[in-house]
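Q: Pasting in a structure now, in structure tokens, and then I'll have a few things to ask.
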Amino acid sequence: MSSISTINFIPRQNRLRYIYWRQLHRQQRIFVIVIVLLLVFIYFGYRSHATEPANEQPHEYHRDEINKDKEAWQRKQKEESQAGKFKPQKQYFSNPTNERQIAVRDAMRHAWKAYRTYAWGYDELLPISKTPSPWFGLGLTIVDSIDTLYIMNMTEEYKEAREWIEKSFSCDSDSVDKFNSHFEITIRVLGGLLSTYHLSADDIFLQRAIELGDRLFINFNTPTRLPLAEINIKRKAASGYRWTSDSALSEVGTVQIEMRDLSRVSGEKKYEDAADKSAAVLHHQSKKDGLLPIFVSPLTGRSSGGVVSLGARGDSYYEYLLKQWLQTGQQRSTFWDDWIESMDGVRKHLWRLAYPDKLYFVGELMSMSTFSPKMDHLVCFLAGNMALGWSYKKDLTYLLDMAKDLTKTCYQTYAKQATGLSPEIAYFNTDPQSNEPTITVRDNDAHNLLRPELIESLYYMYFLTGDTIYQDWGWKIFQSFEKYTRQTDGYSSINDVRNPDNVRPRDKMESFFLAETLKYLYLLFDKKNLFPFDQWLFNTEAHPLPIYKN
């Protein structure tokens with residue numbers, strides 16, 4: 001049947017449409033057909049690709065995506081740098097310059113090798129049992145001590161630590177799904193990332209610092225803007241302690257330097273705002289000649305407890321008053337005013353002479369009034385802190401005098417023990433008529449945790465006075481660490497500094513031994529100060545950060 005005869009059987013309306021279609025130009029029909037076929041091809045091609053498993057994509061694809069992310073980050077950093085952000089210059093360090101430094105670096109290598117062998121990726125090492133110790137779930141020893149590796153020019157160890165931070169450090173892993181100390185994470189982990197960024201100028205450390213800082217920022221969301229005590233990094237949840245609504249003074253007063261520095265390098269003002277608001281709350285507290293009780297509520301802002309101490313729970317609040325003044329270019333006088341007032345308060349209420357050796361020490365107040373002749377080893381940071389303050393106001397000679405006296409006393413807490421190592425806590429005899437020894441160590445306080453505070457002060461005292469006795473004291477302490485705390489693998493805290501025949505290792509190598517103690521020893525034994533005090537400051541975990549002009 002012909003097409004003409006066929007069309008006669010089609011209804012009129014449809015016949016007209018058919019005639020119209022037949023009259024379309026042949027090329028137009030072909031064009032429409034091609035478009036339809038192309039759309040069908042794209043649709044089925046997309047469905048086929050979308051159902052492919054992700055793990056079957058070629059490695060070249062993943063590398064391209066990573067490179068794109070890296071390029072985007074680099075572009076962002078360049079734009080932010082042009083917008084006025086602080087961009088660090090890479091620092092270079094030579095190999096050890098003398099036998100003492102070589103010995104300290106060998107100790108660092110011994111500690112690192114043990115951690116690398118038995119606890120890699122975990123927070124700390126248990127050197128006796130040769131097992132890892134979890135805490136934060138953030139690879140604490142790696143992040144806390146990587147700047148020590150960098151400063152000691154331990155290139156291979158630094159590279160493997162950097163690779164772990166790039167590939168394995170995560171704020172979203174299951175290992176961080178728990179509440180931990182906001183203060184400890186800030187000073188150890190955030191401080192370590194920021195410090196290594198300033199030393200290496202490597203953007204991976206800034207990336208990780210921002211990731212962590214965004215989580216820590218949550219803790220400042222309180223009525224007073226003082227941070228809560230604990231944080232769950234994974235769940236982005238803040239919390240006070242389960243047993244009390246209060247936090248320690250040091251916990252709320254020793255996070256400002258890190259948050260302020262994060263603002264300077266990221267360009268995000270919110271971190272510094274949080275630091276400033278929390279510092280302002282502490283500034284306006286009612287004080288006893290600059291001194292505060294060791295407990296404060298982040299919910300009400302009120303202090304409590306009546307115990308005044310520059311040891312545990314109080315120490316680094318006073319340390320950061322001076323260092324915030326330095327960090328901000330000496331432009332914020334309230335930090336200096338609060339610090340110098342507190343130093344006068346120490347001299348008035350806590351400064352005593354012990355007999356018969358006539359050693360000056362810093363005690364505590366109970367109920368804001370009753371003196372206790374107890375001094376934690378932690379207080380030994382104060383000598384270096386006072387000497388640093390004196391270096392900016394040299395007419396205040398009493399600061400240097402007190403620093404010298406306290407350094408001597410702290411060294412004697414080492415020298416008077418049979419192991420040459422200090423106890424965690426010492427008690428002093430303030431009665432000149434008593435037959436008691438100048439320093440008494442109680443059974444519960446006889447342990448040594450490999451702490452850095454006296455080594456820190458020796459470092460400041462040597463470079464501010466030039467007196468080599470501080471280096472010699474540091475060397476004797478280092479030799480005692482080597483003799484009594486060095487294990488086959490790593491180093492261990494010990495239980496009894498009084499008994500050289502049975503120190504009873506505690507099976508714990510604190511991350512701060514690598515981050516602080518060995519770092520300060522290494523710096524102490526250098527011919528020159530690798531971190532000039534007018535350019536750098538150390539956070540309370542010995543992570544160097546720059547001093548800004550404003």
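Any Cβ shown, glycine's included, is placed from N, Cα and C.
No curator has checked TrEMBL annotations; they are predicted automatically.
Here TrEMBL flags 72-82 as compositional bias 'Basic and acidic residues'. What TrEMBL records for GLU184, GLU424 is active site, proton donor. The active site annotation in TrEMBL covers ASP315, GLU453. Sequence annotations record features per position, and here TrEMBL assigns disulfide bond to CYS380-CYS410. Summarising the annotation, TrEMBL assigns Ca(2+) binding site to THR540.
So where do these features actually land, and what's packed around them?
A: If you take the C-beta of GLU184 (active site, proton donor) and look for same-chain residues 6 or more apart in sequence within under 8 angstroms, you find PHE136.
Counting every protein chain shown, the number of other Cβ atoms lying within 10 Å of the Cβ of ASP315 (active site) is 26.
All protein chains shown were included, and the count of other CB atoms within 10 Å of the CB of CYS410 (disulfide bond) stands at 27.
The Cβ neighbour count for GLU424 (active site, proton donor), using a 10 Å radius over every protein chain in view, is 20.
The Cβ of GLU453 (active site) has 24 neighbouring Cβ atoms from other residues within 10 Å, across all protein chains displayed.
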Q: Which residues of the same chain, at least 6 positions away in sequence, have a Cβ lying under 8 Å from the Cβ of CYS380 (disulfide bond)?
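A: Long-range Cβ contacts: LEU406, THR407, CYS410, GLU453, LEU454, GLU456, SER457.
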Q: Using C-alpha atoms only, work out the spacing between THR540 (Ca(2+) binding site) and GLU424 (active site, proton donor) and round it to an integer in Å.
A: 18
Q: Within 10 Å of the Cβ of THR540 (Ca(2+) binding site), how many other Cβ atoms are there?
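A: Its Cβ shell of radius 10 Å holds 26 other Cβ atoms.
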